Amino acid sequence: MDKNQTEVMREFFLSGFSQTPSIEAGLFVLFLFFYMSIWVGNVLIMVTVASDKYLNSSPMYFLLGNLSFLDLCYSTVTTPKLLADFFNHEKLISYDQCIVQLFFLHFVGAAEMFLLTVMAYDRYVAICRPLHYTTVMSRGLCCVLVAASWMGGFVHSTVQTILTVHLPFCGPNQVENTFFCDVPPVIKLACADTFVIELLMVSNSGLISTISFVVLISSYTTILVKIRSKEGRRKALSTCASHLMVVTLFFGPCIFIYARPFSTFSVDKMVSVLYNVITPMLNPLIYTLRNKEVKSAMQKLWVRNGLTWKKQET
């Protein structure tokens, strides 16, 4: 392949949800609401955990605060571009912007997978080894596990990105069935045989998501099996239910997209909305609605701030 041919394509056209202006205007309002909800919900959890002494010292809530930060970052990788594209007929993205988006999508996404696995281990220790919980899940270990999650995401994303940028792109340049740059649809546009690359990438992304999901489900199953009393099992199920809901909402779509041979389907676009937009929006609701301690801390935060504002007014 001639070098000039491989450098012809320096931009991609993303697939939108509609070409009808009135429909796109409605979708813009809907996704703007989703994105604002993501910011409000996740920032509120981070502020609540940081301002409450009990929550801030608890390993579970320390990890929850980090999960909220990852959710915020994850949605920000794709949603602002999506909102802007509702006003752009061509929905254009440069090659460099595409690679950057792809890198951070897999960086933050993989880090969140690893962190959810860490949170499952935290619940296992808390429920099955309660007497050793504070010793095992020390703040130092929590920081190491969070850092390891970020590092794991970075390594995973670096591998995916390096494999992608070494491919020649000379046309076509229409990224099918997605509103952002992701590995499966982008490498389909390469002017080369990508079979081996696809196997490597499926092994990378597919195995990470599938193995993490299996480990998570196994952890929660072990928790329920080890508890003998009905009351203890009921409490454990109540505690784990929110985690299981988050895990299913996030891992289900990811496994569907990444743990298969690289072929695109029309449903991929809607599946991508689930783990890029809907899950980060629902996570704060799932964790706060079922958690009395978080709700109580939020109420204290509102009361404290309300009293502060009243003092400032007087």
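Heads up, residue numbers simply count up from 1 along the chain you see.
Note that Cβ sites are derived from N, Cα and C of the backbone, with glycine treated the same way.
Summarising the annotation, Swiss-Prot assigns disulfide bond to Cys98-Cys181. For the recorded site, Cys98 (disulfide bond), the DSSP three-state label reads helix.
Among the features that Swiss-Prot reports, N-linked glycosylation site is placed at Asn4, with the record citing sequence analysis.
Residues annotated as topological domain 'Extracellular' in Swiss-Prot: 1-26 (among others).
Per Swiss-Prot, topological domain 'Cytoplasmic' is recorded for 48-61 (among others), and the stated evidence type is sequence analysis. Only residues 6 or more beyond the boundaries of the topological domain 'Cytoplasmic' (48-61), in the same chain, are considered here, and those with a CB under 8 A from a CB of the stretch are 68, 119, 122-123, 126, 133, 137-139, 142, 293-294, 297-298, 300-301.
Among residues of the same chain six or more beyond the topological domain 'Extracellular' (85-98), those with a C-beta under 8 A of the stretch's C-beta atoms are 9-16, 19, 24-25, 27-28, 31, 169, 179, 181, 186. The topological domain 'Extracellular' annotation in Swiss-Prot covers 85-98 (among others).
Marked as topological domain 'Cytoplasmic' by Swiss-Prot on the basis of sequence analysis: 120-142 (among others). Below 8 angstroms of C-beta separation, residues 57, 59-60, 62-63, 215-216, 219-220, 222-223, 226-227, 236, 239-240, 243, 247 of the same chain, each at least six residues beyond the ends of the topological domain 'Cytoplasmic' (120-142), sit close to that stretch.
Here Swiss-Prot flags 164-196 (among others) as topological domain 'Extracellular'. The residues of the topological domain 'Extracellular' (164-196), classed with DSSP into helix (H, G, I), strand (E, B) and coil, number 9 helix, 4 strand, 20 coil.
What Swiss-Prot records for 218-236 (among others) is topological domain 'Cytoplasmic', and it gives sequence analysis as the kind of evidence. Nonlocal intrachain contacts for the topological domain 'Cytoplasmic' (218-236), taken as residues 6+ away from its ends with a CB within less than 8 angstroms of a stretch CB, comprise 120-121, 123-124, 127-128, 243-244.
As annotated by Swiss-Prot, topological domain 'Extracellular' applies to 258-268 (among others), with the evidence given as sequence analysis.
Taken from Swiss-Prot, the feature topological domain 'Cytoplasmic' applies to 290-314 (among others). Across the topological domain 'Cytoplasmic' (290-314), mean pLDDT in this model comes to 65.
Distant neighbours of the transmembrane segment (27-47): 17-18, 64-65, 68-69, 71-72, 75, 79-80, 82-83, 86-87, 277-278, 280-281, 283-285, 287-288, 294, 298, 301; these residues of the same chain sit at least 6 beyond its ends, with a Cβ under 8 Å from one of its Cβ atoms. Sequence annotations record features per position, and here Swiss-Prot assigns transmembrane segment to 27-47 (among others).
Long-range contacts of the transmembrane segment (62-84) within its own chain (CB-CB distance under 8 A, at least 6 residues past either end) are made by residues 28, 31-32, 34-35, 38-39, 41-43, 45-46, 49-50, 56, 93, 101, 104-105, 108-109, 111-112, 115-116, 118-119, 122, 139, 142, 146, 179-180, 276-277, 279-281, 283-284, 287, 294. For 62-84 (among others), the entry in Swiss-Prot reads transmembrane segment.
According to Swiss-Prot, the transmembrane segment annotation covers 99-119 (among others).
Swiss-Prot lists 143-163 (among others) with the feature transmembrane segment.
Listed as Cβ neighbours of the transmembrane segment (197-217) (distance under 8 Å, sequence separation of 6 or more from its ends, same chain) are residues 106, 110, 113-114, 116-117, 120, 156, 159-160, 163, 167, 183-184, 187, 190, 247, 251, 254-255, 258-262. According to Swiss-Prot, the transmembrane segment annotation covers 197-217 (among others).
The transmembrane segment annotation in Swiss-Prot covers 237-257 (among others) and rests on sequence analysis.
Less than 8 angstroms from the CB of Cys98 (disulfide bond) sit Phe12, Cys181, Val186, each of them six or more residues away in the same chain.
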